[in-house]
């Protein structure tokens, strides 16, 4: 026993101990094992080398040890070839980890016919030989290598193999019969590879299956092909819907807890040391107990499947309850229609001049409409996959449409908040400038150029806070929203920063408007339009702040892991409360702002007159040709003249009301029509 010393060189004196059976070198500073290191120790049964900074190992170091049962060698960084084990025919447990072995000799099982445990994890193995000769092998660990393909004969005929770990490789292809001749296999780990499909032939005895991390594996696994499975980890929660009970499919808990079972089994020996083989025996006994306890597989036994389905990754319906479904449809329709009306009234109405506050209101309506697009896409996806969302969930989450809609939602929410902040500050600066002017001092209000620069900054800042979650790969849900990951500190820090930034914006707006109203008697608005816009921004601030409170509370409680609200309540808040400002903001402008009614009225009149002129232009050309051949067209011409006269009367009324552009356009139209020998009478009231 030479464990826990400060040896830096291999002690060659042990060669004289011909009857030595167990040798412990672990926890020293030995860096190399020379060639023929154990020539004089033919009776050795166990050798332990772990916890040594071993860099090199002689290829013939372990030859001709006929009694050797256990060999554990970890961290031999310079070892690039599998050691020559000629004459070491009784080896039962072999562990070589942390080396740079790239391939295994084809005769490895011919030399080690009694091998039961093989651990070659954390190497650089690219191809595997045929293990058919290792008839007694029970456990193979090959995780963290560079294996790309499994041939059909790689593990063929291993009747005793119970556990196979191929996780963290580069597997892209598994042949159809790769696992077909493994009747005792009950634990298979293929997680964190690049698989797009998995043949289930020969896996009927599996009790543990791990496929997490294969993002290209979107196919659904039939439960009847895995009748004995107890613990299963899949790439997507929707694939667990076939393994959980019906009451959980609606979006409740699901069969979580799968990862804990794996961790419990692997925790027995995290480093692969001297108790590796003993741990393997414990695992085998436990699995034997499971198989004996369930000789006849039951169709409805409990399965621990992860990630578990839930409200954010449902099995049946994307939106869950009919209350949420109806609310999402209503929000989508109201948001799209009302915001479109605001954009038309601000930017296209002849009665509207785009002042800095009107520009901000119009752009706010534009980005709020993007929130309606997100709600509409979710509603459409729910209708398309109604009752069987689990069949399409994985492809929906990874689709470009889902990512784009999530991007639009976050971008609209953040940019809208920044635009509202600029609008509140613009109103405050305008009021402050009027107050200074009333006091006889020179006050400077916000110029159109500065407002436009602030608008550009808002859009850039919105992009800046929207892109990082997409680039960093924050976890996404079926709602297409990037959510913070509890396992990523950067993700949590970003989410906390975003919530604090939004809270700061609301605080800044509240302080600005509080000061504005405290000094309102010293700086009265110059026009009714200024007063209406100031009141409108105040209403926007009040409503959006109220609607932000439950969202902020939910965000902080989830970040702090407080049991304040369940997943169902969180889903309702995200779908019904978070997008509400996109509906409330335009409705406040359309229903309570007199400017909106004037702008929409002028826009409707202009549209009607344009339609009449277009129809008259078509009828005038047709009527001119027909008047020479059909006298009866005079009545039609008279009716068209009357209709045109009514349109011109409306234009005259609009001109009297102050719309000069319409009056000039009407005069040009009258002059043009007079040249065509048609007389119109403009009525003035």
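Backbone N, Cα and C define each Cβ position, glycine as well.
Remember, it's a predicted structure, so these values are computed and weren't measured experimentally.
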The annotated transmembrane segment range in TrEMBL, which must be one of 248-273, 274-299, 404-429:
404-429
Annotated range (TrEMBL: transmembrane segment) out of 203-228, 359-384, 593-618:
359-384
Do you know which of 492-516, 642-666 TrEMBL annotates as transmembrane segment?
492-516
Please find, within the list 177-200, 537-560, the residue stretch that TrEMBL describes as transmembrane segment.
537-560
Of 322-347, 359-384, 449-472, 492-516, 572-592, whichever stretch has the most CB pairs under 8 A to the transmembrane segment (404-429):
359-384
Grab the same-chain neighbours of the transmembrane segment (322-347) for me: Cβ-Cβ under 8 Å, and only residues 6 or more beyond its ends, written as numbers and ranges.
354, 358-359, 361-362, 365-366, 368-369, 371-373, 375-376, 378-379, 382, 571-572, 575-576, 579-580, 582-583, 585-587, 589-590, 596, 599-600, 603
What average pLDDT is reported by the model for the domain 'G-protein coupled receptors family 1 profile' (338-589)?
85
